[in-house]
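First comes the structure, then the notes that go with it.
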Amino acid sequence: MAAPPPNDGYGQYPPQQYGEQPQYPVEPAQQAYGSPASPPPAAASQHGAEHGKKKKRAYAAQAFEVATGGNAVVGGQPAATQYGIPQPAAPGFGGYPAQDAQQVAYGAPTTPYGAPQPAVPGVGGYQAPDPYYSQGVPPAAVGPAPGGVAGITAGIQSMGFGGQPQQPQQLPAQTRGLVNQLYPTDLLNQPFNVAELELPPPPIILPPNSSVTPSPDANCAPKYVRSTLNAVPTTHSLLKKSKLPFALVIQPYAALHDLDDPVPVVQDQVISRCRRCRSYINPFVTFLDHGHRWRCNMCNLTNDVPQAFDWDAAAQKSVDRWQRPELNHAVVEFVAPQEYMVRPPQPLVYLFLFDVSYAAVSTGLLATSARTILDSLDRIPNADRRTRLGFIAVDSSLHYFSVPRDTEENGETSMLVVSDLDEPFLPVPGELLVPLTECRQNIESFLNKLPEMFANNQSNGNCMGSALRAGHKLIAPLGGKIVVLSSSLPNVGYGKLEMREDKKLLGTSKESGLLQTANSFYKSFAVECSKNQVSIDMFLFSSQYQDVASLSNLPRYTGGQTWFYPGWNAARAEDAVKFASEFSDYLSSEIGLEAVLRVRATTGLRMSTFYGNFFNRSSDLCAFPAFPRDQCYVVEVAIDENLTKNFVCLQTAVLHTTCNGERRIRVMTLALPTTTNLADVYASADQCAIATYFSHKAVEKALGNSLDAARDLPQQKLTELLQTFRKELGGGSMGGGLQFPSNLRGLPALCLGLTKHVGLRKSALIPSDIRSAALCQLSTLPLPLLMQYIYPRLYSLHDMPDNAGIPDPETSQIVLPPPMNLSSERFVPFGLYLIDDGQTQFLWVGRDAVPQLILDVFGVQERTQVAVGKGTLPELDNDFNERVRNVIAKSRDHKSKGVGSITLPHLYIVREDGEPSLKLWAQTLLVEDRADQGMSFQQWMGMLREKVVQ
């Protein structure tokens, strides 16, 4: 198939283009070989000027030998050979002149460490642009770029990969028929570069004038809703033939607080909806009859425009309807009138269940929890002053606390102990859930005293099941959140659990049984809670077996989450800080209450399956007693009838009560073009959304079938895609290669990362609690965090570019070094590396790291003096230490990824010649290496090729 012209189709890139940046003008001969016409989203050229400003410290490095320096080349690098052995000069990759390999003694610097470098422009050094969708740009707008780096940068900026967010544009009429170009690539010869995972999805190219206003925000941004297909097949048979999944990845909130991610709010309570399908009016409807009526873009019914639609009741004057938010913005929030409420909006209610058994007291869990709640009372949402709190302590009995109002004279908090666990009665419910505002002082004094009350508790009993039933009875009339803080296995009363971890089962086909619930109480109780608008969050801290598999059912069906802190102990400062920070952010997060989510779509499309933490109340309604802001949901879409329109719409609506007691509906409308052409479907497929769908599907298999079935799923689906592409679009056999579209080039690495993930990989060394907690993350993490969890980020720090670790002059955001592929072949023995999967960070110190590096980063003379394990970097007065700390902090920054999260990852310091088990753990994150029964990336690709050729 003839290659299309290089820049045809906005935002498209020929296969080799990602990540191999020419540093010098490319000679024609090399250009013909297929070297890139433009690099990924880095506008690195202007940073040359920064080089001479500050004299940097000199450290040893072979940094600039083409194949060994971690940041020397990113893209199709040749694999590094044996550590430290001189290498043959590498070919000029992507137009780099070949460099002479110099023989270097480990310690001897060739180029000073961190000094001005003939550095490659940092690929991932700039954050990828805000991934907006585009409604297309005429080909003429993307002319051939002039030569050289400046030209390439200009070319990139015209393609919308510059530093500024690319605003979607209304499509000019002459570009009708513009589609994403299909660029086949050979997976074996044009390796994937990790920077591609941060690129925006293929643009959504709609027909001209699809929306009623030319607003750049008329279509939904990918941070809220992403489709696995940005061009939808018109028939079920074409979708089936493609073997691609059609699903939406939905994350209604991109931050924990509204202020961090405001969306337009329609305050006037005029909500225009279709009479038949109940869709909300949106930018893709059509107005008829001089604007008095509108045609629904989902079911085609004609509806009347409400009279108040063009009238501002507050100001008593007519308004310009074209300014209304719901016609200009795909994501809006309507303030709901009375008919959207079953009862008055509920207040925010938190009921804390404290484990006060010996385990919880001795590890410091009780004291740290009480202290954190005390310190966070001002952060708990309470703008309407209706927020209520309640406290129950749990060992082999239930301890209720009745907190008096601050106005009561000599008001003392009283404790009531109930030992009858079969029918725990509720003493004085009115005094157990108290308004935060009216009882603030007494709540503070209670939290101060709580740890002392149980300081000498020797009980090992934990009747958490009975406590949950009592708590449910207490808050069911109002609804709200039950927050469980537990560090032992529930072993008495309702829902008691046995120690069932059996090392002999790990790594065998029977292991899956350990991931399923051991007591039906947890699932049936969770469904009961969901009906009464009660959500449960679990914070689990055991150093022993805790049966996370059973306990995680409670959050799974009530819109909650499970947080697991294995081996946690407050005596370790890092443990105490991590939990206190996460728990405080959790308490401060805004949540929706009494929420339901529904997805409607153009006639012919049907929502077939829903994945995520909620209860599926009917075929298309998902119920959330509380709606969190740090989770995503996946909805599979079926094509039931042939699609006749040239674009379809999918509208997600979340009806909820805000923390301030206001009933609202958040509406997100996504429009996608349709196509009859298989090549268009493949060219517009979104690899990150597909990997997210596979992740949710694999977790469902792990919990419902077996771990083997879960592991096989990504491999089987990927093989089907490769076979289909080869047969239908690959032009036959194509010699020894493995053909796939360039926009899906990262999918094999993501699928390998998923099968080797701690939640799924075959191993006899993974405790079932660790596995169960990982499955909770794999099925809830927002897409950007999930990609990093499956395929972690690896940064080389000892030779990072000069602009890394310092603020970008334009955005003032810290610049990260370019990410590297997860292979130990990229490591040099004198290197310093950061491996980060978003939950845990590892700082890897090479076995030959030079003393100056050790001194500057850790403040000690000898490598052997570097303390390994959980830790924090000392703040030292030198440039390089500050840059390394900045990179570690920036890598943890969720806001810059466009998601809300409370997670504060632990940092583990790993010496290559240090603690073997720690080193082994860090190495399991190197997805492309062979480890613990898992194959290397090369073996994986070889196996896929064999399966495809068969």
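A Cβ is built for glycine as well, from the same backbone N, Cα and C atoms used for every other residue.
Taken straight from Swiss-Prot:
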- 1-58: region 'Disordered' (REGION)
- 8-36: compositional bias 'Low complexity' (COMPBIAS)
- 274-299: region 'Zinc finger-like' (REGION)
- Cys274, Cys277, Cys296, Cys299: Zn(2+) binding site (BINDING)
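Note on Cys296 (Zn(2+) binding site): other Cβ atoms within 10 Å of its Cβ, all shown chains, come to 26. Around Cys299 (Zn(2+) binding site), a 10 Å sphere centred on its CB holds 16 further CB atoms from the protein chains shown. The Cβ centroid of Cys274, Cys277, Cys296, Cys299 marks the Zn(2+) site; residues of that chain outside this set whose Cβ lies within 8 Å of it are Arg275, Arg276, Arg278, Ser279, Asn297, Met298, Asn300, Leu301, Asn303, Arg600, given in sequence order. Mean pLDDT for the region 'Zinc finger-like' (274-299) in the predicted structure: 97.
In terms of DSSP helix, strand and coil, the region 'Zinc finger-like' (274-299) has 3 helix, 7 strand, 16 coil.
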